[in-house]
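Enquirer: Got a structure for you, questions after.
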Amino acid sequence: RESDRRAWTPVSYTVTRQNATIQGLIEGKAYFFRIAAENLIGMGPFTETTKEIVIRDPITVPDRPEDLEVKAVTKNSVTLTWNPPKYNGGSDITMYVLESRLIGKDKFHKVTKEKMLDRKYTVEGLKEGDTYEYRVSACNIVGQGKPSFCTKPITCKDEIAPPTLDLDFRDKLIVRVGEAFSLTGRYSGKPAPKVTWLKDDIVLKDDDRIKIKTTPTTLCLGVLKSVREDTGKYCVTVENSTGSRKGFCQVNVVDRPSPPVGPVIFDEVYKDHMVVSWKPPLDDGGSEITNYIIEKKDTHKDMWMPVTSATVKTTCKVPKLLEGREYQIRIYAENLYGISDPLISDEMKARDRFRVPDAPEQPIIKDVTKDSAVVVWNKPYDGGKPITNYIVEKKETMATRWVRATKDPIFPGTKFKVPDLLEGCEYEFRVSAENEIGVGDPSPPSKPIFARDPIAKPSPPVNPEAVDKTKNSVDLSWQPPRHDGNGKIIGYLIEYQKVGDEEWKKANLTADSCPETKYKVTGLTEGLTYKFRVKAVNAAGESDPAHVPDPVEVKDRLEPPELILDANMAREQHVKAGDTLRLSAVIKGVPFPKVTWKKEDHEVSPKADIEVTGVGSKLEIRNTVHEDGGMYSLTVENPAGSKTVSVKVVVLDKPGPPRNLNVSDVRSDSCYLTWMEPEDDGGSVITNYVVERKDVASAQWVAISSSSKKRSHMAKYLMEGTQYQFRVAAENQFGRGPYVETLKPIKAIDPLHPPGPPKNLHHVDVDKTEVSLAWNRPDRDGGAEITGYLVEYQEDGADEWTKFQTVPMLDCVVTGL
């Protein structure tokens, strides 16, 4: 009985031994038990257990701990870890005991402190050079279990290795402004070395652009969007207690120069020439200035005319001027990496007279918002006296009166932010210049603008790269700009430049011809090396260009063919007759492989449509018939190799006609039909045969069996004397195949057999040359009327019988003997 209940439950009445196993108990419950003896007279008194028994599995000591490993060794300590035993003996682990044995001694000694449950322990206070082995045991409430397997002998010594440094970069590195660069390498050493990066002897630290990443084996310094200030001598130091190693790289971040420093000084002005001077750019872009380009422009014309493009001096004589005309001078600085933005001079007349300033050129409107606009203009000729003020005026395009934008003086700047515009209205602006003589004529009105928040130019595209190339083309890919300037990206402009040339050529003329973030630049010359750059375009204009990092040499890239099979190119493809068969695969390889489809090593059927695209191939056969089945193979081949895959195509159709239909055992009311399975089962198991018969006088076929799985059938219930035709067809899950018919009608009659032998043959009379014979009719006529009797004779002792004649009656006279 359960300890918390009073009722006893019988366990067994038929135990004859002095022990019994009691089953069906509940783990964790407490029970009392009692037992009584019984004989023929009756049952004796019960004996009861003295205390309750709680049901639980027996507890043993734990198994041995597993995976004892040495994690670290120094000259005076060893660190070990282990995993718990697979079985804890039925009771929680209470502690672990770690033991050690000095090699050369016999006994193991306990090294752990009391009640240690951690599975990691560092044995300290060891003697340098001594060699030990270790083992660990687990304890539970019962006691200490078996020890684990011993470690290998461990000698106490420090692991020391001097640093090594393997760098992936050269001594010098040239980087274009805006591009990222990285310095990477691998190192090692024990103890683990400390890695330090320096630039010009100053320690570098992580920030928004500088990324330092160090792992236990690799080191990397990355600089995003490099600027000119990143130029310098970079040093990486790997150091530990045994020594240090250093690596150096001189990084030069180069760019085109900044513009020459203005203003342009008109040192001398004459009616037919001027002498101008300027200051060199503040930044030569990391490469010395190789040239200055000087151009002049008659302010009445839009065309800049070259003055010289071959001077390194910062002064130049501008000849061939027309007296009274106004001129502007612009100057570019050039280095190995490009041409700077221009420095443009003020306007200067080719004679010196004092008057009011000339009218400025048509002002340009920038940074338009819903209530303001910035008006920008160029300084006009000052009439020989310095300009003291500019007057900016505005008017709505539908109005006639100009209104001053401000009463405050505007000088010396040549731009002004006009406030207080009405959102959505269209405005024009004009500018006049003033000197001590008076106010000059106003400029032509600016182009009309609407007062609304602006669309800015987009930022450059991100990460342009060359992803593929052939002998005359390069495939470029990039990511969209990080900022679209609040306007939809119309597309991209792609430009390329032969290395060594100065001119960038357009690969596409309009941005909308490249709306995607990829483009194939064609028409390139095999063997030459090109640079590429990409600009994003929205309604506000073109972004700054993003350059492909490295020049690309134009040549065919060889990649062996690769086939990525579609699901319909599994080893066996089943298709129902009349359906469409489709086989297709994705094809890779450079140059694109030649594609060949074959069936059983022959050309495929002309009815097959084969399509080859730049990424794959497809074979399609409509209205398939059984003959379209077979082994199809797809071979792709280019100069780098070839690859072939095969697929077995099974066209599932109705079966063909059965073979060798034969009729035997014809009786007056039945006959036996046999046949062989069709040559073609239609790709599916024959499920049954259909047997039909027809009276030759009737047009109607009658089914006599439609579910037979055997290749024979007994046709019963025939009409005696009637002629029949029979036919058989095979069926599978796709339908019934064509019938095969008996070649000629079968007549339902019992079969004919030869008659039995005549009975009681005897001679009636004998002469010297003849014998008279008589006999009786045979017992059986074989199913047909007897038509005659054949009489033969044989000379005694001869082998052959000689035919005499056939007679219709039961007697005959044999003559000529």
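Along the chain as shown, the residues are counted starting at 1.
Just so you know, glycine gets a Cβ as well, placed from its N, Cα and C.
Heads up, here are the entries from TrEMBL:
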| type | residues | note |
| --- | --- | --- |
| DOMAIN | 1-58 | domain 'Fibronectin type-III' |
| DOMAIN | 64-159 | domain 'Fibronectin type-III' |
| DOMAIN | 163-252 | domain 'Ig-like' |
| DOMAIN | 259-353 | domain 'Fibronectin type-III' |
| DOMAIN | 359-454 | domain 'Fibronectin type-III' |
| DOMAIN | 460-557 | domain 'Fibronectin type-III' |
| DOMAIN | 561-646 | domain 'Ig-like' |
| DOMAIN | 657-751 | domain 'Fibronectin type-III' |
| DOMAIN | 757-817 | domain 'Fibronectin type-III' |
| REGION | 455-480 | region 'Disordered' |
Enquirer: Could you pull out which residues elsewhere in the chain have a CB under 8 Å from any CB of the region 'Disordered' (455-480), counting only those six or more residues past its ends?
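Expert: Residues packing against the region 'Disordered' (455-480) from afar: 178, 486-487, 489, 492, 494, 496, 517-526, 530, 532-549, 552, 554-557, 590-591.
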Enquirer: Tell me whether the domain 'Ig-like' (561-646) sits in contact with the domain 'Fibronectin type-III' (359-454), defined here as at least 3 Cβ pairs under 8 Å among residues 6 or more apart in sequence.
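Expert: Not in contact, no.
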Enquirer: Can you tell me which of 163-252, 259-353, 757-817 gets the most C-beta pairs within less than 8 Å of the domain 'Fibronectin type-III' (359-454)?
Expert: 259-353
Enquirer: Mind checking how the domain 'Fibronectin type-III' (259-353) divides into helix, strand and coil residues in DSSP?
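Expert: Split by secondary structure, the domain 'Fibronectin type-III' (259-353) comes out as 0 helix, 50 strand, 45 coil.
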Enquirer: Per DSSP, what is the residue count of the domain 'Ig-like' (561-646) in each of helix, strand and coil?
Expert: 6 helix, 53 strand, 27 coil
Enquirer: Determine how many residues of the domain 'Ig-like' (163-252) DSSP places in helix, in strand and in coil.
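Expert: DSSP classes over the domain 'Ig-like' (163-252) add up to 3 helix, 58 strand, 29 coil.
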Enquirer: Could you count the residues of the domain 'Fibronectin type-III' (64-159) that DSSP puts in helix, in strand and in coil?
Expert: 0 helix, 42 strand, 54 coil
Enquirer: How does the domain 'Fibronectin type-III' (757-817) divide up by DSSP, counting helix, then strand, then coil residues?
Expert: 0 helix, 29 strand, 32 coil
